[in-house]
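**Student:** Encoded as structure tokens, here's the structure I'll be asking about.
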Amino acid sequence: MDSSLVFSLKLKLHHHSLPLQTHFQRPPLLTSSHFHLAAAKKPPRKVHCEFEPKVNGALSPDPDSRFLDRQKALEAAMNDINSSFGKGSVTRLGSAGGALVETFPSGCLTLDLALGGGLPKGRIVEVYGPESSGKTTLALHAIAEVQKLGGNAMLVDAEHAFDPAYSKALGVDVENLIVCQPDNGEMALEIADRMCRSGAVDLICVDSVSALTPRAEIEGEIGMQQMGLQARLMSQALRKMSGNASKAGCTLIFLNQIRYKIGVYYGNPEVTSGGIALKFFASVRLEIRSTGKIKSVKGDEDIGLRVRVRVQKSKVSRPYKQAEFEIIFGEGVSKLMLFDVSGDIEVRLTMVLFFYVFVKAGARQR
């Protein structure tokens, strides 16, 4: 039978029948040999990557001419920048050292675990929460820990409410503590910035942001509308202090209060004072709240607070962790928080034995 078929079609056009012959060529059957022959005729096309040495010698580790030229240009640019702006303006991270952020204890073991090791050095930390939630107590514990390590600490008491007796009970070396009670917000932040640039202070605590009153507000009358003065003051100061703190390795702790937005019916109406600049510049933001009172053995009086701290922001560790501990009035953070950290029964029994021997030894010395 012929491979081609001839069909005779009749199309009706204006009542006329026209014969039309159309030839259809039957395609040949394809076998596996055809594919092998086609593959042999067309060699596979090689796709070059831009990261291959032959294509882009600048990104290859081989001693290519383009790669060497770019490395020489990079070293020349870095040397020119360091000679213009000072040594260390630009450097390779591997040769600079100190890539990891150093930390120091906060005075609360559970909080140190939530922070991944403690408070970071050379960074800005914000501690905010309602009244009587333990903000100042937590800051005083951090000051005491810095002094125990041989460092210098400074307290900017903008609220003019420093209690030396309570600070000493928490372990603060009051005699060597640097205290500043400024007249206005500009004075407080300028003194803190100068002490930070000196490189001799390891920790500066500002208590509190809400008490940093701008000079224009103090000189004006009570009731005058001064829009955005404190927010502008904090924004200007933090732009300077963040870089100085990092270079000097000085930690800045800002204690902040909570305000409520007007006319908010849905969502969280709480907001911190002083604008939003501190939220951006802070490497760590801690929200502290009281979850309840601690009763005495008889149950007739309150002897402490149960506190929960939430890591709302952290650039140095995992955020959104929580830490719970107890604050005893007149004593600070309770040492019994070790039992909350240890989950093993053997560890708890060891701690009970240790505290029993420690208390007995202290009673005998007395």
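From the backbone N, Cα and C atoms, a Cβ is placed for every residue, glycine too.
Remember, it's a predicted structure, so these values are computed and weren't measured experimentally.
Sharing the record's features from TrEMBL:
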- 100-258: domain 'RecA family profile 1' (DOMAIN)
- 263-335: domain 'RecA family profile 2' (DOMAIN)
**Student:** From the DSSP assignment alone, can you count helix, strand and coil residues within the domain 'RecA family profile 2' (263-335)?
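**Tutor:** So the counts come to 6 helix, 37 strand, 30 coil.
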**Student:** Per-residue pLDDT averaged over the domain 'RecA family profile 1' (100-258) comes to what?
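**Tutor:** Per the prediction, mean pLDDT sits at 95 for the domain 'RecA family profile 1' (100-258).
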